[in-house]
Amino acid sequence: MALYLLDYGAGNVQSLANSLSKLGHSFEWISSPEDFHKATSLIFPGVGAFQTAVENLTRKGLLEPLKEYIQSGKPYFGICIGMQVLFQSSTESPNFDGLGIIPSTVERFDDSDKTVPHMGWNSADVVQTSDVEPAFYYFVHSYCAKYSPLDKPEAASWAYTTTQYGGEIFISSISKGNIFGTQFHPEKSGAAGLALIDNWLRASDAAKSAKIPTADYLPSPPTLSLKPRDNLSKRIIACMDVRSDDEGNLVVTKGDQYDVREKVPSGSSMQVKTGGAVRNLGKPVTLASKYYAAGADEICLLNITSFRHSPLQDQPMLAVVRAAAECVFVPLTIGGGIKDTVDPDGTKRSALEVASEYFRAGADKVSIGSDAVYAAEKLLASGQNHGDGTSSIETIAYAYGRQAVVVSIDPRRVFVDASTYDGPHKGELVHGSPDSEIENDRGKSWWYACTVSGGRETRPISVCQLARAAEVLGAGEILVNSIDRDGTGLGFDLDLLNLVKRSVKVPVVASSGAGRKEHFSTVFEQTGVEAALAAGIFHRGEVDIGEVKEHLAHNDIKVRTHIA
Ligand code: 1PR
């Protein structure tokens, strides 16, 4: 079998390549129109925007050969945009035609009752009997083919599985003849996704003739009497702050309120102060692999000293990302230093180039911290409600899709006297209860200021201003840290998260302060965030990811529990 992968030049195709290597399948890349003739099986792992995919395929002269390949009857597997491009059009890019193989349109989710993009683990319902557990796969998309047998019978006839998100049911995979496609990302869906890819490859290998016997390798098609159920799960993310220790080795570290050095005795008194060695909690790839096996829904690696130099010069960090991507088959986010930089030899590197390097190494999303604050300040100063297209958020979202861009906020509380404060953040003041169990909250008032450079510099804009601006500029997700809660184990900052959650429509990830499994149920129940991230408790082995999920399931919070 000659398996080929189609890479149109944007999107993280490395994840699929890593999955195939893990499964022991060899493959080639389509590099010219002639390669379509050599291919006997083709996978198109499209990520990003519909327009970018169609434009790039057209520019490279690959669109027509792709259509001819599919029409020849040879096995085709389209992932995400690779499935959407089979449709006639998408409302995402009305001026660009798809391949028109499925005579229907891809449309945006209705965001009046839910956050968009639809991001996370949801079930693909191939329910044959009511006691069959559906498989969970990782989705990340804002546009979908709605499943409506009455209004859109043509599209519905292609539906292989359907999935519900909020009140909408959409086609989560299609199958007809030689064509198979998934809206979800099997290459990012852990063991269930790897098994699906493997089954498809084995079947297409076996199908030496033009037609693939789909029924032999995939679950039975869905019954049309669907039982609607939105199974989008809350995500648990394991985060590793990575930096060089004093010997120059990259280690996973963990700070208290962003101070990652060990505490040491201070002079003759019994007091301690920080300033010791960088805390070393393990090796990044070993821990990433451990958390994947334990059921983490996503893994996050933050290069926490990258604001000091160019990440493109940081070959050890890139090697860590590559190695982690080879053993982690859930989404991998890389943060730190995503901004326009200048190499020591004077070469200018755009934020897009930096991000592209991380995507090529195997990242699925990049997280932008400091640079997002500067971009938000610029947007606010312009008085416009759209960017000028030059910020890192915009350029990366344009090329890779907004789902690939996370904005990571590092807020710090600014305490004020509420009776006299008349500053610009008056409407966002939080008042701590006089009998709060947390000393730092008790009877105080504050607003949340954004910081840059790992919390070293406080800026005048608030978290709500940053979150809103980031969404306008094209961020697909907001990660909310808290310098006040980081490493304290006091629980997530619920006031902070509620403020951000009310400010944006995109998914919000809670971070900083998890100390017990109960903190996870509290944050989901009291703020509605889509995901919760923790570092210290996982690194120190105080709570296991499985225990957190068991606790959440016990409290009727939807989680992905079947990881194998
Ligand atoms: O500004 O784009 O270069 O990005 C820098 C990134 O590095 C930002 O995402 C910033 O949050 C992070 N960062 C910078 N300095 C530090 C530090 O600790 N000195 N880490 C740092 C931030 C916060 C979380 C942590 C959670 C959960 N660490 O990553 O994992 O607070 O911790 P917990 O569960 O133990 O409480 P740029």
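Keep in mind that glycine also has a Cβ here, set from the backbone N, Cα and C atoms.
Keep in mind that what you see is a predicted model, and the values were worked out from it rather than measured.
Summarising the annotation, TrEMBL assigns active site, for GATase activity to C80 (among others). Reduced to three states, the DSSP call for C80 (active site, for GATase activity) is strand. In sequence order, P45, G46, V47, V140, H141, T182, Q183, F184, H185 are the residues near C80 (active site, for GATase activity), counting only same-chain partners six or more apart with C-beta under 8 A.
When secondary structure is read from DSSP and collapsed to three states, H185 (active site, for GATase activity) falls in the strand class. Among the features that TrEMBL reports, active site, for GATase activity is placed at H185 (among others).
If you take the C-beta of E187 (active site, for GATase activity) and look for same-chain residues 6 or more apart in sequence within under 8 angstroms, you find S15, L16, N18, S19, P45, I79, G193, L194, I197, F329. Here TrEMBL flags E187 (among others) as active site, for GATase activity.
DSSP assigns D241 (active site) to a strand segment in the three-state reduction. Here TrEMBL flags D241 (among others) as active site.
The number of other CB atoms found within 10 A of the CB of D410 (active site), across every protein chain shown, is 27. Look at TrEMBL and you will find D410 (among others) tagged as active site.
TrEMBL lists C80 with the feature L-glutamine binding site.
Residue density at N481 (substrate binding site): 26 other Cβ atoms are found within 10 A of its Cβ, drawing on all protein chains shown. Taken from TrEMBL, the feature substrate binding site applies to G337, N481.
Summarising the annotation, TrEMBL assigns domain 'Glutamine amidotransferase' to 5-192. Averaged across the domain 'Glutamine amidotransferase' (5-192), pLDDT in this predicted model comes to 89.
Neighbour counts were taken as the number of other C-beta atoms within 10 angstroms of each residue's C-beta; across the recorded positions H185, D241, G337, the minimum falls on H185.
In this structure, the CA atom of D241 (active site) is 12 Å away from the CA atom of N481 (substrate binding site). Close to ligand 1, meaning a Cβ under 6 Å from one of its atoms, are these of the recorded positions C80, G337, N481: G337, N481.
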